[in-house]
Amino acid sequence: MKGIRSILIAFGLFAFACSSASAYDPSPLQDFCVAIKDIKNGVFVNGKFCKDPKLAVAEDFFFSGLNRPGNTSNPVGSNVTMINVDIIPGLNTLGISLVRIDYAPYGVNPPHTHPRGSEILLVVEGTLYVGFVTANPDNRLFTKILNPGDVFVFPFGMVHFQFNIGKTAAVAFAGLSSQNAGVITIANAVFGSNPPINPDVLAKAFQLNKNVVKYLQSRF
(Lines of atoms letter the chains of each structure in order from A and count residues from 1; the text may use other names and numbers.)
(Lines give C-alpha, C1' and ligand atoms only; values in the text may rest on other atoms or scores of the structure.)
Protein backbone atom coordinates (compact mmCIF):
# COMPACT_ATOMS: atom_id res chain seq x y z
CA MET A 1 0.00 0.00 0.00
CA LYS A 2 2.89 2.31 0.86
CA GLY A 3 4.44 1.69 -2.55
CA ILE A 4 1.19 2.47 -4.34
CA ARG A 5 0.82 5.69 -2.36
CA SER A 6 4.35 6.73 -3.36
CA ILE A 7 3.63 6.12 -7.02
CA LEU A 8 0.39 8.12 -6.82
CA ILE A 9 2.25 11.00 -5.22
CA ALA A 10 4.91 10.82 -7.91
CA PHE A 11 2.35 11.00 -10.67
CA GLY A 12 0.70 13.92 -8.91
CA LEU A 13 4.05 15.68 -9.04
CA PHE A 14 4.43 14.77 -12.71
CA ALA A 15 0.97 16.20 -13.44
CA PHE A 16 1.96 19.42 -11.72
CA ALA A 17 5.08 19.65 -13.87
CA CYS A 18 2.95 19.03 -16.96
CA SER A 19 0.55 21.82 -16.09
CA SER A 20 3.36 24.33 -15.53
CA ALA A 21 5.48 23.44 -18.57
CA SER A 22 5.20 25.13 -21.94
CA ALA A 23 3.87 23.05 -24.82
CA TYR A 24 7.23 23.07 -26.56
CA ASP A 25 10.82 23.18 -25.35
CA PRO A 26 12.09 26.66 -26.27
CA SER A 27 15.73 25.72 -25.73
CA PRO A 28 18.19 23.26 -27.31
CA LEU A 29 17.49 19.61 -26.56
CA GLN A 30 21.05 18.39 -26.76
CA ASP A 31 24.43 19.83 -25.78
CA PHE A 32 24.98 21.35 -29.20
CA CYS A 33 23.72 21.15 -32.79
CA VAL A 34 26.33 22.10 -35.40
CA ALA A 35 24.82 23.45 -38.62
CA ILE A 36 25.63 21.73 -41.91
CA LYS A 37 24.72 22.49 -45.52
CA ASP A 38 24.50 18.88 -46.72
CA ILE A 39 21.51 17.24 -44.99
CA LYS A 40 22.85 13.82 -46.02
CA ASN A 41 25.36 14.16 -43.18
CA GLY A 42 22.78 15.35 -40.66
CA VAL A 43 22.19 12.99 -37.75
CA PHE A 44 20.59 15.13 -35.02
CA VAL A 45 17.74 17.61 -34.84
CA ASN A 46 16.58 19.76 -31.93
CA GLY A 47 14.61 16.96 -30.34
CA LYS A 48 13.49 13.84 -32.17
CA PHE A 49 11.94 13.16 -35.53
CA CYS A 50 8.17 12.72 -35.18
CA LYS A 51 6.33 9.50 -35.96
CA ASP A 52 3.30 9.73 -38.24
CA PRO A 53 0.44 10.29 -35.73
CA LYS A 54 -1.53 7.56 -37.48
CA LEU A 55 1.17 5.07 -36.51
CA ALA A 56 1.33 6.05 -32.83
CA VAL A 57 0.40 3.39 -30.28
CA ALA A 58 -0.27 3.42 -26.52
CA GLU A 59 3.22 2.02 -25.82
CA ASP A 60 4.70 5.27 -27.19
CA PHE A 61 3.35 7.02 -24.08
CA PHE A 62 3.97 4.30 -21.49
CA PHE A 63 6.62 3.08 -19.06
CA SER A 64 6.40 0.46 -16.32
CA GLY A 65 8.80 -0.09 -13.44
CA LEU A 66 9.20 3.19 -11.57
CA ASN A 67 8.06 1.39 -8.43
CA ARG A 68 11.30 -0.62 -8.37
CA PRO A 69 14.23 0.77 -6.31
CA GLY A 70 17.42 1.69 -8.12
CA ASN A 71 20.79 0.17 -7.24
CA THR A 72 22.59 2.46 -4.79
CA SER A 73 25.68 0.24 -4.42
CA ASN A 74 28.10 2.84 -5.80
CA PRO A 75 30.58 5.36 -4.33
CA VAL A 76 27.97 8.12 -3.88
CA GLY A 77 25.18 5.85 -2.61
CA SER A 78 22.44 7.05 -4.92
CA ASN A 79 20.74 6.08 -8.17
CA VAL A 80 18.74 8.19 -10.61
CA THR A 81 16.18 6.48 -12.83
CA MET A 82 15.50 8.89 -15.66
CA ILE A 83 12.23 8.81 -17.62
CA ASN A 84 12.83 11.15 -20.53
CA VAL A 85 12.11 11.18 -24.25
CA ASP A 86 14.60 8.34 -24.80
CA ILE A 87 12.47 6.14 -22.54
CA ILE A 88 8.97 7.41 -23.45
CA PRO A 89 8.98 8.59 -27.09
CA GLY A 90 5.62 10.29 -26.57
CA LEU A 91 7.35 12.94 -24.43
CA ASN A 92 8.82 14.46 -27.59
CA THR A 93 7.98 18.21 -27.79
CA LEU A 94 6.07 18.13 -24.47
CA GLY A 95 8.79 19.82 -22.41
CA ILE A 96 8.59 17.47 -19.40
CA SER A 97 10.32 14.43 -17.90
CA LEU A 98 10.39 12.53 -14.61
CA VAL A 99 13.02 10.90 -12.41
CA ARG A 100 13.08 8.58 -9.43
CA ILE A 101 16.02 9.02 -7.07
CA ASP A 102 17.01 6.34 -4.55
CA TYR A 103 19.44 7.09 -1.71
CA ALA A 104 21.27 4.64 0.52
CA PRO A 105 21.71 5.76 4.14
CA TYR A 106 23.96 8.83 3.95
CA GLY A 107 23.92 8.59 0.16
CA VAL A 108 24.21 11.76 -1.91
CA ASN A 109 23.05 12.94 -5.30
CA PRO A 110 26.23 15.01 -5.82
CA PRO A 111 26.26 18.70 -6.78
CA HIS A 112 25.09 18.93 -10.36
CA THR A 113 23.15 21.11 -12.76
CA HIS A 114 20.55 20.58 -15.48
CA PRO A 115 21.52 22.74 -18.47
CA ARG A 116 18.08 22.55 -20.05
CA GLY A 117 15.55 22.48 -17.22
CA SER A 118 14.33 23.41 -13.76
CA GLU A 119 13.31 20.75 -11.24
CA ILE A 120 10.66 20.17 -8.59
CA LEU A 121 11.47 17.42 -6.08
CA LEU A 122 9.10 15.46 -3.85
CA VAL A 123 10.35 13.28 -0.98
CA VAL A 124 8.28 10.13 -0.40
CA GLU A 125 10.55 8.21 1.98
CA GLY A 126 13.37 9.24 4.33
CA THR A 127 14.87 12.61 5.22
CA LEU A 128 16.94 14.66 2.78
CA TYR A 129 19.16 17.71 3.18
CA VAL A 130 18.84 19.57 -0.13
CA GLY A 131 20.03 22.84 -1.55
CA PHE A 132 21.13 24.96 -4.50
CA VAL A 133 23.67 27.75 -5.08
CA THR A 134 22.90 30.92 -7.03
CA ALA A 135 25.06 32.35 -9.80
CA ASN A 136 28.15 34.56 -9.39
CA PRO A 137 28.92 36.87 -7.73
CA ASP A 138 26.63 36.10 -4.78
CA ASN A 139 26.89 32.27 -4.78
CA ARG A 140 24.11 32.26 -2.20
CA LEU A 141 23.23 28.85 -0.72
CA PHE A 142 19.58 27.90 -0.16
CA THR A 143 19.05 24.73 1.90
CA LYS A 144 16.22 22.83 3.52
CA ILE A 145 15.68 19.53 5.34
CA LEU A 146 12.86 17.61 3.65
CA ASN A 147 10.66 14.86 5.06
CA PRO A 148 8.04 12.70 3.27
CA GLY A 149 5.49 14.92 1.56
CA ASP A 150 7.85 17.94 1.37
CA VAL A 151 8.59 19.60 -1.97
CA PHE A 152 11.56 21.73 -3.04
CA VAL A 153 12.30 23.57 -6.29
CA PHE A 154 15.71 23.82 -7.99
CA PRO A 155 15.70 26.77 -10.42
CA PHE A 156 16.91 26.42 -13.99
CA GLY A 157 20.64 25.85 -14.28
CA MET A 158 21.46 26.20 -10.57
CA VAL A 159 24.02 23.83 -9.02
CA HIS A 160 22.07 21.67 -6.55
CA PHE A 161 22.28 18.47 -4.48
CA GLN A 162 20.43 16.09 -2.18
CA PHE A 163 21.93 14.23 0.79
CA ASN A 164 20.23 11.47 2.79
CA ILE A 165 20.85 12.42 6.42
CA GLY A 166 18.84 9.48 7.76
CA LYS A 167 19.89 6.01 8.83
CA THR A 168 17.42 4.40 6.40
CA ALA A 169 17.02 4.48 2.63
CA ALA A 170 15.26 7.47 1.06
CA VAL A 171 13.23 7.91 -2.13
CA ALA A 172 12.28 11.03 -4.06
CA PHE A 173 10.60 11.79 -7.37
CA ALA A 174 11.25 14.88 -9.46
CA GLY A 175 9.63 16.56 -12.44
CA LEU A 176 11.85 18.41 -14.93
CA SER A 177 10.81 21.13 -17.36
CA SER A 178 12.39 19.52 -20.41
CA GLN A 179 12.03 16.27 -22.30
CA ASN A 180 15.84 16.04 -22.04
CA ALA A 181 17.04 18.28 -19.20
CA GLY A 182 20.57 16.84 -19.24
CA VAL A 183 22.81 16.58 -16.20
CA ILE A 184 26.33 17.84 -15.48
CA THR A 185 27.77 16.38 -12.27
CA ILE A 186 30.32 18.98 -11.18
CA ALA A 187 33.03 16.67 -9.82
CA ASN A 188 32.77 14.28 -12.77
CA ALA A 189 32.91 17.10 -15.30
CA VAL A 190 35.82 18.93 -13.69
CA PHE A 191 37.98 16.03 -12.53
CA GLY A 192 36.79 13.30 -14.86
CA SER A 193 36.68 15.03 -18.25
CA ASN A 194 37.93 13.20 -21.33
CA PRO A 195 40.64 14.17 -22.10
CA PRO A 196 41.59 15.48 -18.64
CA ILE A 197 41.76 19.22 -17.98
CA ASN A 198 45.34 20.39 -17.53
CA PRO A 199 46.12 20.01 -13.79
CA ASP A 200 47.72 23.47 -13.78
CA VAL A 201 44.33 24.96 -14.67
CA LEU A 202 42.52 23.14 -11.87
CA ALA A 203 45.29 23.77 -9.33
CA LYS A 204 44.99 27.50 -9.97
CA ALA A 205 41.19 27.51 -10.11
CA PHE A 206 40.71 25.55 -6.88
CA GLN A 207 43.83 26.87 -5.11
CA LEU A 208 45.10 23.33 -4.63
CA ASN A 209 48.45 21.63 -4.86
CA LYS A 210 48.94 20.11 -8.31
CA ASN A 211 49.45 16.64 -6.80
CA VAL A 212 46.09 16.92 -5.03
CA VAL A 213 44.47 17.73 -8.39
CA LYS A 214 46.11 14.71 -10.00
CA TYR A 215 44.84 12.52 -7.17
CA LEU A 216 41.31 13.84 -7.60
CA GLN A 217 41.50 13.21 -11.34
CA SER A 218 42.55 9.64 -10.66
CA ARG A 219 39.35 9.15 -8.62
CA PHE A 220 37.15 9.94 -11.60
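Keep in mind that glycine also has a Cβ here, set from the backbone N, Cα and C atoms.
Look at TrEMBL and you will find Asn109, His114, Glu119 tagged as oxalate binding site. The number of other CB atoms found within 10 A of the CB of His114 (oxalate binding site), across every protein chain shown, is 23.
What TrEMBL records for His112, His114, Glu119, His160 is Mn(2+) binding site.
The disulfide bond annotation in TrEMBL covers Cys33-Cys50. Residue density at Cys50 (disulfide bond): 11 other Cβ atoms are found within 10 A of its Cβ, drawing on all protein chains shown.
A mean pLDDT of 96 is what the model gives for the domain 'Cupin type-1' (64-214). According to TrEMBL, the domain 'Cupin type-1' annotation covers 64-214.
What TrEMBL lists as signal peptide is 1-23.
Neighbour count (other Cβ atoms within 10 Å of the Cβ, all protein chains): 19 for His112 (Mn(2+) binding site). Looking at Glu119 (oxalate binding site) and Cys50 (disulfide bond), their Cα atoms lie 26 Å from each other. Between the CA atoms of His112 (Mn(2+) binding site) and Cys50 (disulfide bond) there is a gap of 31 Å, rounded to the nearest whole number.
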